[in-house]
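*Asks:* The structure is given below, and queries will be raised subsequently.
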Amino acid sequence: MIFDKGNVEDFDKELWDAIHAEEERQEHHIELIASENMVSKAVMAAQGSVLTNKYAEGYPGNRYYGGTECVDIVETLAIERAKKLFGAAFANVQAHSGSQANAAAYMALIEAGDTVLGMDLAAGGHLTHGSPVNFSGKTYHFVSYSVDADTEMLNYEAILEQAKAVQPKLIVAGASAYSRSIDFEKFRAIADHVGAYLMVDMAHIAGLVAAGVHPSPVPYAHIVTSTTHKTLRGPRGGLILTNDEALAKKINSAVFPGLQGGPLEHVIAAKAVAFKEALDPAFKDYAQAIIDNTAAMAAVFAQDDRFRLISGGTDNHVFLVDVTKVIANGKLAQNLLDEVNITLNKNAIPFETLSPFKTSGIRIGCAAITSRGMGVKESQTIARLIIKALVNHDQETILEEVRQEVRQLTDAFPLYKK
């Protein structure tokens, strides 16, 4: 019987070796990809539970299948915790991803072909904010706003003038690579001025918002979407919030049956665990530490004239650095740092001149290293190691020194091995 197969290591050695190799990579690499984090063992345990066996199309108390009394409890816990965590009246926890959450929000608010104002990808937006290669850009008429050419920050007066000109049905705020605090109240005022809905994608900053160390979009947006990983430190999944009952019904219909069938109740259980963790007062200390670490790391780059810190600083968990004075492009920087066990990603910078496959910049985030217990001192050390590697990218002896220093850091802050 299948139940006799035992654990993965015994049953499928080939697969287990790949999983184990990834565990070792995470343990011994410094993770700086801004969209990644390290979940608790409790989150992993919930996601690996027997809930994966259960189909439950519909919503708690209104399912299409029988035997859902237990998963109803699980999903209701997740919903109520999400509402409490973010101060929202309604929450949908079924979206499989942030992209699915955004798609559902669009379906609830607008029709195909409607005009939407969203942040340009090169300025820090996301694929689902109107990229022509994404469903959003193919389905809706997106017009992009950017950042100010001088400050590399959002210019709300310019966005208002653009909104007046294009008269969007929806304005999308939020970003995947914007290092500054976003004024959601101003965005709502702009939306109201032109009679548009406001949707905020807070996927990257959700943990900071939950902890109260970043302004919340919930009081201002008609709909807020998010992922449940990144700074929120939960499983990979989506979340949709609103304070409008009529929109809540449209959101639920858009998710199911509009976009998805059965929800992933094992992932929803893991979301519930993550929400409970984020409701703990200690989570605020964690979120503040992310901001402190990010600011400390960014400051090291700001003080080195061989690098250019985009917008001159950071208010959240992420920052971007133009690396082209020391290495040809961001792709080469990413690959080089991979070789010394520092993981981050190439990233376009505002008014990018290189292709998206190369880019002028790199994106750095501090959520994962903060989860490991690293602080300001370690963040500054990591910045110096990155600089040391990039400046000496053709010096193997120095690169080996960086590898050894990285290993010393990761050994001092073990991930799951105690």
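Cβ atoms here come from the backbone N, Cα and C positions, even for glycine.
These came from Swiss-Prot, pasted as-is:
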BINDING   Leu121, Gly125, His126, Leu127, Ser355, Pro356, Phe357  (6S)-5,6,7,8-tetrahydrofolate binding site
MOD_RES   Lys230  N6-(pyridoxal phosphate)lysine
SITE      His229  site 'Plays an important role in substrate specificity'
*Asks:* Look at the binding-site residues Gly125, Pro356 and tell me which residue has the greatest number of other C-beta atoms within 10 angstroms of its C-beta.
*Replies:* Gly125
*Asks:* Round to the nearest Å and give the CA-to-CA distance linking Lys230 (N6-(pyridoxal phosphate)lysine) with Pro356 ((6S)-5,6,7,8-tetrahydrofolate binding site).
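*Replies:* Each residue's Cα considered, Lys230 (N6-(pyridoxal phosphate)lysine) and Pro356 ((6S)-5,6,7,8-tetrahydrofolate binding site) end up 22 Å apart.
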*Asks:* Check Gly125 ((6S)-5,6,7,8-tetrahydrofolate binding site) against DSSP and tell me helix, strand or coil, would you?
*Replies:* coil
*Asks:* What is the separation, in Å, between the Cα atoms of Gly125 ((6S)-5,6,7,8-tetrahydrofolate binding site) and His229 (site 'Plays an important role in substrate specificity')?
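*Replies:* Per the Cα atoms, Gly125 ((6S)-5,6,7,8-tetrahydrofolate binding site) and His229 (site 'Plays an important role in substrate specificity') stand 18 Å apart.
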*Asks:* Checking the spread of the (6S)-5,6,7,8-tetrahydrofolate site as listed (Leu121, Gly125, His126, Leu127, Ser355, Pro356, Phe357): what is the longest Cα-Cα distance, in whole Å?
*Replies:* 17
*Asks:* How many neighbouring Cβ atoms, not counting its own, are there within 10 Å of the Cβ of Leu121 ((6S)-5,6,7,8-tetrahydrofolate binding site)?
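*Replies:* The answer is 24 other Cβ atoms.
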*Asks:* At the Cα level, what's the spacing in Å between Ser355 ((6S)-5,6,7,8-tetrahydrofolate binding site) and His229 (site 'Plays an important role in substrate specificity'), rounded?
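*Replies:* Cα-Cα, rounded: 28 Å.
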*Asks:* Give the helix, strand or coil assignment DSSP yields for Pro356 ((6S)-5,6,7,8-tetrahydrofolate binding site).
*Replies:* coil
